[in-house]
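A.B. asks: Please find one structure pasted underneath; my questions will follow.
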Amino acid sequence: MLCMQALSHLAQQTIPRKEKKRKEFKVAGQRKTMMKGYNLIAAFTILALASTSVTAYDPSPLQDFCVAIDDANSAVLVNGKLCKNPSLATADDFSYSGLDVPGNTSNQLGGHVNIITADLMPGLNTLGVSLARIDLAPNGGLNPPHYHPRGSEVLLVLEGTLYAGFVTSNPDHRLFTKILKPGDLFVFPFGLIHFQLNIGKTPAVAIAALTSQNPGVNTVANAIFGANWPIYPEVLTTAFHLDKQFVEDLQAQEWVNPT
């Protein structure tokens, strides 16, 4: 009899404990579900911010034009430039003369790039375009590997024969190249490293159109070995599999800016 009573008492104590564990398990499951929801919201927030930053360059203008001007007393700020009062704009603000003049290619690279941005042609401000003339000396004149952080590029060859190409980003690093002759076009996608080499025996001339009023240019060799201050040599010896002395010799050289 006493044994039956003890078993009954033990069963009554066990049931609440099982109920308590079920409730705790249910609460833990709800917390995990809530955390998944929070993580999903956070992921969507990051994607939204990322897409906003991607489309944040060269925004579409909210007016017909914005002629750049240095006089702060008669201007408003748009796209980082002060805008001239539209009633004071002239045809000169929207024109530029000088791309018919050959660039000086008597340098280490045998090349020269004359890029026309809103700094030289004020009417380009807010319009999201710019233009460049590229001159390359015969037998190896080079516009060295570089990229434009804020624009794509379309190249039109006017004179000479060019070997031009670009390399895709990680992880493939595919090389796309073409031999270009007068009248040929070649596109360099946004932000990818590209180059032009004159493989002909006569001077080469090309015109490049870029999809930004200030596309920027970062010449790879200049940035790596001509940085100011110099990059710590151990970084470059490991990254490029080079001897430290060789890296230091490269850093001591003068690196030509083609523009």
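Cβ from N, Cα, C; glycine included.
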A.B. asks: Can you tell which of C3, C66 TrEMBL lists as bonded to C83 through a disulfide?
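C.D. replies: Between C83 and one of C3, C66, TrEMBL records a disulfide, namely with C66.
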A.B. asks: For N143 (oxalate binding site) and C66 (disulfide bond), determine the Cα separation and express it in whole Å.
C.D. replies: 32
A.B. asks: Which of the recorded positions C66, C83, H146, H194 has its Cα closest in space to the Cα of E153 (oxalate binding site)?
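C.D. replies: So, spelling it out, the nearest of the recorded positions is H194.
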A.B. asks: Determine the Cβ neighbour count for H194 (Mn(2+) binding site): the number of other Cβ atoms within 10 Å of its Cβ.
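C.D. replies: By my count, 22.
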A.B. asks: Measuring Cα to Cα, how far is H194 (Mn(2+) binding site) from H148 (oxalate binding site) in Å?
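C.D. replies: With distance taken Cα to Cα, H148 (oxalate binding site) is 9 Å from H194 (Mn(2+) binding site).
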A.B. asks: Just to confirm: which same-chain residues, 6+ apart in sequence, have a Cβ under 8 Å from the Cβ of H146 (Mn(2+) binding site)?
C.D. replies: I193, H194, F195, V217, N218, T219, V220, P258
A.B. asks: So which other residues, same chain and not among H146, H148, E153, H194, have a Cβ within 8 Å of the centroid of the Cβ atoms at the Mn(2+) site?
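C.D. replies: Filtered neighbour residues, in order: Y147, F166, F188, L192, I193, P215, V217.
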